[in-house]
Structures are given as structure tokens and as C-alpha cells.
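Novice: My structure is below; once you've seen it, I'll send some questions.
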Amino acid sequence: IMDEEGAASGLAKSAAVKLSEMSERTKQLGTAMRDPHQQRRIILVIVCVALLLDNMLYMVIVPIIPDYLADLESEQSEHVHVVMHPNTSANSTSQDQSIKDNLDVQIGVLFASKAILQLLVNPLSGTFIDRVGYDIPLLIGLSVMFVSTCIFAFAENYATLFVARSLQGLGSAFADTSGVAMIADKYTEESERSTALGIALAFISFGSLVAPPFGGILYEFAGKRVPFIVLACICLADGFLFLTVIKPFSNRTRENMPVGTPIYKLMIDPYIAVVAGALTVCNIPLAFLEPTIANWMETTMHSSQWEMGLTWLPAFFPHVLGVYITVKLAAKNPNLQWFYGALGLVIIGAMSCTVPACKTFGELIIPLCGICFGIALVDTALLPTLAFLVDVRHVSVYGSVYAIADISYSVAYAMGPIVAGQIVHNLGFVQLNLGMGLVNVLYAPALLLLRNVCQMKPSFSERDNLLEEAPQGLYDTIKMEERRAKKKGYSSAGNCVPVDENGLDPFRAQRSLSEESSGAECS
């Protein structure tokens, strides 16, 4: 009996010690999550996972949906054929061709519907993000993406698939824009911002390029539902982590934040317009080749299914290399961001022109890797430039400007599945690639307009005029103090010292005016 009592007492003490250790670890985790630097890293992880999911869901349907729709179409045609013509097989060839053409149109519209809806919603989502902050729109985007993924998993007809694809565009308009804007807001130092956005771009690339083989393998061995269920579970986990760390409904910091510049004013800013055009042009080859290159490979080089499925996967590595090189170069020579973007456009143009000359799968990998390397240069150089332009020319609220970036991507990917097929049908695959290459090379000199961006100075008077209401006193004082301490006069952005026309520090003027405007309130 005494031994049993001693054993029970020992177990109780051991359990108490373990509970105490777990409680201590929980407290340490909570303290770490409240630390601004740790929280910033966790936010970067959450946003990167959201971008990864969005791009995986965008591309995972490439090997799944055409085959699935073809099976549905053949079942329906067999049923109609048996009912209408039970004893004849006349005109079967023309009927099969009609079914194939109809299927091509359906697939093109389905693939483009996401980008089209995203294009329509982005102006509204950008303004909404500027008004309510970055956290609630990101939660909305994750929620819509989760619902869209579940619908994809259980859809059994074309109409339901179309609804799921369109819903994904709605979720992307909120999740992508608010996620990238949140990174720009949390990482105010230019070098840190370039690195963080580069990491996000690497996740975008990984999601886009690994999704087709991921979806194809699971579809082949486990069925249509499994790839989407896996993505839905990851989305759900990311949403719970977001709610744990950010707590969006208890955050009231946006109540005192300045009003962002309206999106239409940002669109007519010539520097932002040049960047947006470059983002559209550089993504046209990728958007136009994705729906057309598989058929071309099958026709010209008689490629196998695994070769068509793995076409873009090797390009992930040069894309990540391009992101890494651009981040390192931007840290040393930030005044040459425009040059890195222009070089990327030239590389994309040259590689696009060489695609039709490839005769084997091994040869084709080289220009595709070059295209993705060039895209990495353009995106990594110009996405931080958008945030810097907003900082020095407008109000430092980033929802609308990254909505413009998302619109730029959406324009390319909305046209791709619909326009590319028509161009190949009417003019040919060679002419498509030559045209895309020429557009990229001709647009590269436009980035010369950005060569003096680094010398721009933050203008207090311009910022004050762009605000729809007076500066919010205490908030502006704290915000400007933080920026002054971190940026040290925008030294990381080309060693440009923010001195206004009168030789005064505009941050000091801003701070003193904010102190005066909030003096009575603080006292």
C-alpha cells in the first residue's frame, strides 16, 4: 500500500512539474510572439504561406481540370449519341472535333475567370485595405480561398468549377494585395523590405511551378479531391495561425492612421504607371506560354506526359537565384533598381524568341529558365520600388499601390488563356513568341524614367496636401520618430538624404507640427 501511495505521489509530482514546464514554455512563446521582431517574422511566414497556397491553387488545376472536363464531356456525348443515334455512327469525326473545340473554349474561359474577377475586384479591395488595414482583408482572402478550394474538391460539373475558380480570384484580390502590402508596412527599411518581398516572390514561384506535378501525381494515384483537400487543410492551418498571432478584431491601430492616396491618383502617377507596365509586360510570356506550350511540345517534339507536366519545374531554381542576386545587388547599389528591371526585360525578350527554335525537351528548359530568371529580376527590383514611390510621393499606406501591382499581373493572366490560343491558331506559335520577345525588349528603355527615383525627397507639404484630413497628431509623431530612427534619412535607398528645398529635415518639421496639433490633447 505504501509503495502504491509513493508511486501515485511521484506521478502527481511529475505531472505537476511537466505542467509547470508547459506553462513556462507557453509564457515564453507568448512573450516571443508579442516581440515586434518575432511577430514580424511570423507575419512574413503567414503571408508567404497564403501566397504559396494561392499560386498552387492557381496552377494545380493545369493537369487535373482538362482531363477531368474531357471525361465529363465524353460521358455526356456518349449519352447523347446513344439516345439520338442508337444505330449509327455518322459524322462522328466532325462531332468529336466540335467537342474538342468546345472543350478548349471552356478550359480557356475557366482558367482566365480567376484573373478576370481579380482584375475587377482589385480597385475595390485596394481602397478597402487602405481604409480598414491589412489584417482583416487578409483574413477575408484566406477564408474565401478555403471555401474555393473545398468547392474545387467536390465539384462535379463545369458550372461549379467556374464558381470555384471565380471565388479564388475574389480571395486572391484580398489575400495577395493585403499580404504584400503588410510586408511593405512591417519592413520599413529598404534593404529589409527588398529581402522580405524577395522571400515572398520565391514562395509565389515555388507555388506556381511545383503545383502542376503535385496536382498531377495526386490526381493520378489518389483522385481529383485529394490535392484540393490537402491545400484546404494548409489554408485552414494558416488561418488559425493568423488569428492567433495577429488577432485582427482586437486591433484598433487603423483608427489613427492617415488616409491613403486614392487608387486613381496612384494610377496616373507616371512612375507608378511605368512600374505597373513593366510588371504586366514581363509576365506576358509566362501567361501566354502556360496554356499553349504543352500542345506545341506534343506536336513538334512528341513529348511524353511527364515532360509536359514537368516543363516549368526546373525554372524554379533560376527564379530563386534571380531573386537572391537582385536582393544582394539592390543592397549594394539601390540606385540601380531600374537597371536590374530593364535587364530582366531584355533577358525575357531574348529567351522568348529562342523558345520556337528548341527541338528537344532538354533544349527547351534553357529558355524557360531564362524567362523565369528575368521575371525574378523585374519583380524583385520593382515591387520594393512601388513602396518607395508611395513613401516619397504619396502617403505611406500600401493597399492601393499593391492592388495596382496585382492588377498588372491579372491583366497578363486574364489575356493569356484566351488570347494566346487565338494567336497560335491564326498566326502560329513562332509569331507568338517573337511578338512577346519584341514587346519586352521595346519596353525596357521605359525604365530609364525611374533612374532618378532614388534622388526623390519626401515632401512634407505634398504629403499634407494629399491627406484628406489633417495629420493625426500623436500617431504621426510616433510614426515619424520610428522612421527617422530606422531609416536614418533613407540612407539605404541610395544614400539619399531627405532634405527639403529649404534645407530642413522634413521629418523634424512633421514632428514639431504634429506636437503642436496634439499639444492640447496630450496635456
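Here the Cβ of each residue, glycine as well, is placed from N, Cα and C on the backbone.
Copied straight from TrEMBL:
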- 43-523: domain 'Major facilitator superfamily (MFS) profile' (DOMAIN)
- 486-523: region 'Disordered' (REGION)
- 42-65: transmembrane segment (TRANSMEM)
- 136-155: transmembrane segment (TRANSMEM)
- 196-219: transmembrane segment (TRANSMEM)
- 225-246: transmembrane segment (TRANSMEM)
- 266-289: transmembrane segment (TRANSMEM)
- 309-327: transmembrane segment (TRANSMEM)
- 339-358: transmembrane segment (TRANSMEM)
- 364-389: transmembrane segment (TRANSMEM)
- 401-424: transmembrane segment (TRANSMEM)
- 430-450: transmembrane segment (TRANSMEM)
Novice: Sort out the residues at least 6 away from either end of the transmembrane segment (225-246), same chain, that have Cβ-Cβ distances under 8 Å to it, and list them.
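Specialist: Beyond its ends, the transmembrane segment (225-246) has Cβ neighbours at 33, 39, 42-43, 45-46, 49-50, 53, 56-57, 60, 64, 135, 138-139, 142-143, 145-146, 149-150, 152-154, 214-215, 218-219.
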Novice: Tally Cβ pairs under 8 Å between the transmembrane segment (136-155) and each listed stretch (42-65, 196-219, 266-289, 430-450), then give the stretch with the top tally.
Specialist: 42-65
Novice: Pairs of Cβ atoms less than 8 Å apart decide it: which stretch in 266-289, 339-358, 364-389, 430-450 has the most with the transmembrane segment (309-327)?
Specialist: 364-389
Novice: Can at least 3 Cβ pairs under 8 A be found between the transmembrane segment (266-289) and the transmembrane segment (42-65), with each pair 6 or more apart in sequence?
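Specialist: Since fewer than 3 Cβ pairs under 8 Å link them, the transmembrane segment (266-289) and the transmembrane segment (42-65) do not come into contact.
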Novice: What average pLDDT is reported by the model for the domain 'Major facilitator superfamily (MFS) profile' (43-523)?
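Specialist: Taking every residue of the domain 'Major facilitator superfamily (MFS) profile' (43-523) together, the mean pLDDT is 78.
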Novice: Could you check whether the transmembrane segment (364-389) packs against the transmembrane segment (42-65) - three or more CB pairs closer than 8 Å, residues at least 6 apart in sequence?
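Specialist: They do not touch: fewer than three Cβ pairs between the two stretches lie under 8 Å.
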Novice: Within the same chain, where does the transmembrane segment (42-65) have neighbours whose Cβ lies under 8 angstroms from its own Cβ atoms, ignoring anything closer than 6 residues to its ends? I mean 6 or more beyond.
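Specialist: Counting only partners 6 or more residues beyond its ends, the transmembrane segment (42-65) has Cβ contacts under 8 Å with 33, 107, 110-111, 114, 138, 141-142, 145, 148-149, 152, 161, 165, 168, 171-172, 175-176, 179-180, 182-183, 186, 196, 199-200, 203-216, 219, 224, 227-228, 231, 234-235, 238, 241-242, 245-246, 290, 309.
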Novice: Hey, does the transmembrane segment (196-219) touch the transmembrane segment (430-450), meaning at least 3 C-beta pairs closer than 8 angstroms, sequence gap 6 or more?
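Specialist: Output no: the transmembrane segment (430-450) is apart from the transmembrane segment (196-219).
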Novice: Which bits of the chain, at least 6 residues beyond where the transmembrane segment (401-424) starts or stops, bring a Cβ under 8 A of a Cβ in it?
Specialist: 104, 107-109, 111-112, 114-116, 118-119, 122-123, 125-127, 129, 172-173, 176-177, 180-181, 184, 263, 266-267, 272, 275-277, 279-281, 283-284, 286-292, 295-296, 383, 386-387, 389-390, 394, 431-432, 435
